[in-house]
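J.: Here's the feature list from TrEMBL:
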type	residues	note
ACT_SITE	Lys78	active site
BINDING	Gly13, Gly14, Thr15, Ala16, Leu332, Ile345	FAD binding site
BINDING	Lys78	7-chloro-L-tryptophan binding site
BINDING	Glu341	L-tryptophan binding site
Amino acid sequence: MNRKVKRVVVVGGGTAGWLSAAVIKKVIGNAVEVELVESDAIGTVGVGEATIPPIRLINNVLGLDEAEFLRETNATIKLAIKFENWRVKDEGYFHTFGAPGQSYAFCHFHHFLKRAQMELGETSNIWDYDLNYLAAKDNKFAKINSKDPIVDLPYAYHFDAGLYAQYLRKLSEKMGVVRTEGKITDVTQHPDSGFIDLLHLEDGREIQGDLFIDCSGFRGLLIQQKLNTGYEDWSHWLPCDRAIAIPSERLEHTLPYTRSIAHTAGWQWRIPLQHRNGNGHVYCSNYMSDDEALQILSGNLDTKPLADPNFIKFKTGRRRKQWNKNVIAVGLSSGFLEPLESTSIHLIQTAVVRLLHTFPHDGIKPELVAEYNKQSQIEFEQVRDFIILHYIANERDDSQFWRDMRTMPIPDSLRHKIELFKEDGRLFRENNDLFLEPSWLQVMMGQGIQPSDYHPMANNMSPEKLQMMLQTLKKIKEEPLQQLPSHDQFLKQFCGR
Ligand code: FAD
């Protein structure tokens, strides 16, 4: 247990494996050797194309040139997700990476707007004050270098995750990560501690390590198959358990947002890349057969399919301990929340950063492991609650799935949040929640949860000043729009595509 960690072995070469290897090598590569084992025969899950803005941080730490990254991964810009048919059919709303308006004297913008709506007959909504929304709906984008934080356009990417993993592999190998190709067929544990000592490959080779990062995907080769860590099953809250993915030809105009389109027992993603569209249908097998799900997806592709359907099974939930003995599960082996808010690659990123902060240079101490596991649990639960919100707050009456989703029991943590918001729009960020107040606000309102009142702090302004504030903010948010090129023009200018 107290053995110094000198050799880190990453098991798996999907997005989780290569991102972990690259970041560990980049940040503490002078102190540890990193080896990655992957099996070409097993391959990767082959989906996962939408991200959220913190990916830009990790790309910066890795020193990636943004234009090169966009070219290498066929990436496009993502400003938001558009949720269609989620509250009711034929209606949609955006969850953007921006923020509506601006807080004033500790009071969030939406309280002022609510007061104006209630007292002054104001008809605008929160999205009218959000540059991300305005740019997304007009299909525009540019990198904005404004000194004024309210004139900002936070963004993430859609990319080909397979190409991203290859790109990270090139970078990792250049930095000195050793790649070993081969199938792990056996694992030796220390007889006393149960720590993993050796990986045995099919052809007889052996790989020794002090710390193992299990990025072996859903199978959880070390964390589950060897250490039997257990899984907290969340399918009573997030019952979708299947996905079908089909790439199709690219659309003529590249949208700067993901589309999430609800169907009768799940939802469909549509992700625009430079060279193709990513499409997938996430559904619940208790309510829909694979054939029906495939039919719905095939009938809703805007463009010609480019490959056969890829069928994927999953169970939502999390590994009971994401760090167990000398194994840390990262990526799909650590748990899975359906891809509704594009959080999986982000959870890989936070897992690796958390590992760096708790890195056991001088040996694996129980306190470090406990801290890592506590933080991981909080993070997964927060994301889980945010995703459940999309399902629970629906008003669809056209299928049993949506009726059951509306009435299912939900975690107390989420119920508490909804109750606070319903009353007078109060939102609180706890424990570094990945989703800030503007995210909760947009999804609550988009799903039809309206506060019945506003916070009295919003009364601290005359009606005239309130009206002036709204007009000014709207103008400030709209002004940059004229200068923005289309998303396609941006891609062409910035990375030659
Ligand atoms: P995998 O890609 O499955 O890689 C596993 C690796 O382990 C492979 O290299 C394999 O060869 C290796 N391996 C396994 N067993 C052995 C063995 N015995 N010997 C040697 N090597 C072995 N994420 C997002 O952020 N955004 C999204 O939009 C998104 N959409 C998704 C949609 C769906 C339907 C699903 C299922 C996931 C989605 N994800 C998304 C998640 C994303 O795909 C994954 O988080 C990401 O690809 C990481 O996968 P991974 O590296 O953990 O596993």
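Every residue number used here counts from 1 along the chain in the order it is shown.
In case you wondered, yes, glycine gets a Cβ from its N, Cα and C as well.
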J.: Please report the Cα separation of Ile345 (FAD binding site) and the residue listed as 'active site' in Å, rounded to an integer.
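T.: Cα to Cα, Ile345 (FAD binding site) and the residue listed as 'active site' are separated by 15 Å.
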J.: From the Cα of Lys78 (active site) across to the Cα of Gly13 (FAD binding site), what is the distance in angstrom?
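T.: Counting only the Cα atoms, the answer is 25 Å.
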J.: Enumerate same-chain residues with a sequence separation of six or more from Ala16 (FAD binding site) and a Cβ-Cβ distance below 8 A; give 'none' if the list is empty.
T.: Cys215, Gly217, Val330, Gly331, Leu332, Ser333, Ile348
J.: Could you tell me the C-alpha distance between Lys78 (active site) and Thr15 (FAD binding site) in angstrom, no decimals?
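T.: Given the Cα positions, Lys78 (active site) is 19 Å from Thr15 (FAD binding site).
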J.: Cα-Cα, whole number of Å: Gly14 (FAD binding site) versus Glu341 (L-tryptophan binding site)?
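T.: Cα-Cα, rounded: 20 Å.
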J.: In Å, rounded, how far does the Cα of Thr15 (FAD binding site) sit from the Cα of Glu341 (L-tryptophan binding site)?
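T.: Distance (Cα to Cα, whole Å): 17 Å.
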J.: Hey, for the FAD site built from Gly13, Gly14, Thr15, Ala16, Leu332, Ile345, who else sits with CB inside 8 A of the CB center?
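T.: Going along the sequence, the neighbours come out as Gly12, Gly17, Trp18, Leu19, Thr44, Val45, Gly48, Ala161, Ala165, Cys215, Gly217, Val330, Gly331, Ile348.
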J.: How far apart, in Å, are the two Cα atoms that lie farthest from each other among Gly13, Gly14, Thr15, Ala16, Leu332, Ile345, the residues recorded as binding FAD?
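T.: This binding site's residues have a maximal Cα-Cα distance of 14 Å.
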